Amino acid sequence: MPQNEYMERHRKLHGRRLDYEERKRKREARLPKIRAKKAQKLRGIKAKLFNKERRNEKIQMKKKIQAHEEKKVKKQEDKVEDGALPTYLLDRGVQSSAKVLSNMIKQKRKEKAGKWDVPIPKVRAQSDAEVFKVLKSGKSRRKAWKRMVTKVTFVGENFTRKPPKFERFIRPMALRFKKAHVTHPELKATFHLPILGVKKNPSSPMFTSLGVITKGTVLEVNISELGLVTQTGKVVWGKYAQVTNNPENDGCINAVLLV
Amino acid sequence: MEVDDSDDRDAIHTIQARLVSDTGEEAGPPIDLPVGITTAQLTLICNALLQNEEQTPYLFFVNEEEVKQSLDKAIDIKKLDTEALIDIVYQPQALFKVRPVTRCTSSMPGHAEAVVSLNFSPCGQHLASGSGDTTLRLWDLNTETPHFTCTGHKQWVLCVAWSPDSTKVASSCKNGETRIWDPNTGKQLGKPLLGHKKWINCISWEPYHDNPDCRRIATAGTDGDVRIWDVVLGHSERILSGHTGGVTAVRWGGSGVIFTSSKDRTIKMWRASDGVLCRTMTGHAHWVNNLALNTDYVLRTGPFHPVIDKLKKYSMTTDKNELREVALQRYKKVCPDGVESLVSCSDDFTLYLWRSNSSKCVARMTGHQNVVNDVKYSPNVMYFASASFDKSVRLWNAHNGAFICTFRGHVQAVYTLAWSADSRLIVSGSKDSTLKVWSVQTKKLEQELPGHADEVFAVDWAPDGSRVASGGKDKIVKLWAY
């Protein structure tokens, strides 16, 4: 152990070697190569420690470079963005995309597009045989005029059953639905909305009147909780939506709102 | 109605009187009145007898002589025949009433982006609107057409504020610049006021009675600073820093105090003259969104009494000191002891009522179910109304913060509201693209004003009550009138 700061003392008395700076520069220049070789050779815990240290160094270096580059770049004028918001909404992270399209544009779009321009234009036709299952009745099971609907149905609130004798179509309770998951295509948000009725089942008008819901069926849903307003300020509450999944397979109805 | 007359030492303490209209119809049966009854008490009695739904002010006359303060000052009791019935003639006074706006008088297109801020001048002659298209527009209210387009800002014009003498408009943009404009030429006055590092949330002018030159403004920046500027010299006089969050609102009170509310959940009071922090009011649990002073209306209109002096042309003709005196008197009337009350609304769904002489709140008002975005005192300082994102507007008693009623009807968040000059009506602007006029008296919806195609961001009722202006995302400024 040195008993004194003799190295410093010597340096003060005699100065450094004449080629000290030169040697130092060269040593430093060689250092990366030495370290690279070391990085390849090391094994085990030492390698681990070394790599960790090296990684941190690199991160710091990159950060420094980035900072310097940022300093060089002159600040450009901020472009004026669209969708101006008042001060009280600026920091709220309002989903500016939520209602990107103003009602006005929606209105125009509606006028341009045909009324039945729907998201799923082509639907596989459902045959009667697929939708209805023949039920045998009568004492000796000879009669076969009863049908059971094998697809999801919507049955209105005020539906009352006919006497079983005259009840030709049976809509099983387990396949009756009251609500649908409706996606608003512009809001990109899905709502669980009550169904008001089946507007059209493209396969057959009879399915429409029975309330059969298959893929491509147009439903009327209650959107009052979305709080949409017409041009005249009235709350919109009924809107059409088209079913996008096969409800009988999935156990839920997914639909997309027609706007 | 029955007034206690238990004191029997003086023989003539009550008189028999009946209230008679100037056409001679009796308001009710004769009543015993104490001689010391004041006009205010007489008004109450008269209103009760006539079963008026709303309080009407009356003038009272006895023997053709007006009762100015109390009955015994108007009549000579000594000479009075106490057995006889005295006729007190009452005369209803005209009530200033703002008629509810019912129709859109004009939709003024012009802005190329959403209209974000809107303000009538205190004299009611000008309207300025700031928009996302980086311009401030001044509108001609007589023809309801665009008057001037003030270009200069580089970003959305977020706030607009008129000086109390209506000769200057201050506007600020999202870059943190503030510019001053002359409403008569549409030209910029002086240099832009640079200094804020982020956008400005609110601008407040120095009250007229403090300085009739209207030279100083206070701006609330999102960078947490409040700056006081001299708009003539165009430099920042003072920086009030102390808030740790963005400052959401600033109000230059009438007694030389600046009130600021911030996102750091506090409200601070500063002395305007030297920028010393006087008081910090804590209580809110989340951002404080807005502030309202009970003197807001008188400070905004300054020397203009928008109702009485509607046709009087000011500022050019009258001496400034005279006007200053008027402004001071109006201020003193609302706030005689210099202690202002203020309400703050917050993201924690509550409102707090404060007085400027204590850092403890007077009342904490709960009831809203979502962020409370705006609160405004009625011009007569009897109520204040709050607009919330829970789709409702609530009315509160300004004295003790008691809840009065809820106005429901909007189907989306209510952004802002404005009071009519007679404090009988409120107009609210909402995300659901409608304006609704609410009656304070009946506590019901008075009028629904659809017409905007998208969210309504800014609403203002002219100080003289003649019209309402609104602007929103559909880029159109609409004017509404009766």
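From the backbone N, Cα and C atoms, a Cβ is placed for every residue, glycine too.
TrEMBL labels come from automatic prediction, so no person has curated them.
Annotated domain 'NLE' per TrEMBL: B:15-75, in sequence order. TrEMBL lists B:372-478 with the feature domain 'WDR90 4th beta-propeller'. As annotated by TrEMBL, repeat 'WD' applies to B:108-149, B:150-191, B:193-231, B:240-280, B:365-406, B:407-448, B:449-482.
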Point to revise | the repeat 'WD' (B:150-191) - residue tally per DSSP class, helix then strand then coil | key: 0 helix, 20 strand, 22 coil
Point to revise | Within-chain partners of the repeat 'WD' (B:407-448) [C-beta distance under 8 Å, separation at least 6 from its ends] | key: 53-54, 95-98, 100-102, 297, 306-307, 370, 373-374, 376-380, 382-383, 385-395, 454-465, 468, 470, 472, 474, 480
Review point. Other than its close neighbours in sequence, what residues sit by the repeat 'WD' (B:240-280), given a CB gap under 8 Å and a spacing of at least six beyond its ends?
Key: 198, 201-207, 209-210, 218-228, 286-293, 295-296, 298-299, 331, 335, 338-340, 342, 344, 346, 354, 356, 359
Exercise for review: Quickly jot the same-chain residues contacting the repeat 'WD' (B:449-482) by Cβ under 8 Å, restricted to those at least six beyond its ends, or write none.
Suggested key: 96, 98-120, 122-124, 127, 129, 131, 137, 139, 141, 144, 297, 300-301, 304, 306-307, 310, 412, 415-422, 427-437
Point to revise | Counts by DSSP class (helix H/G/I, strand E/B, coil) across the repeat 'WD' (B:365-406) | key: 0 helix, 23 strand, 19 coil
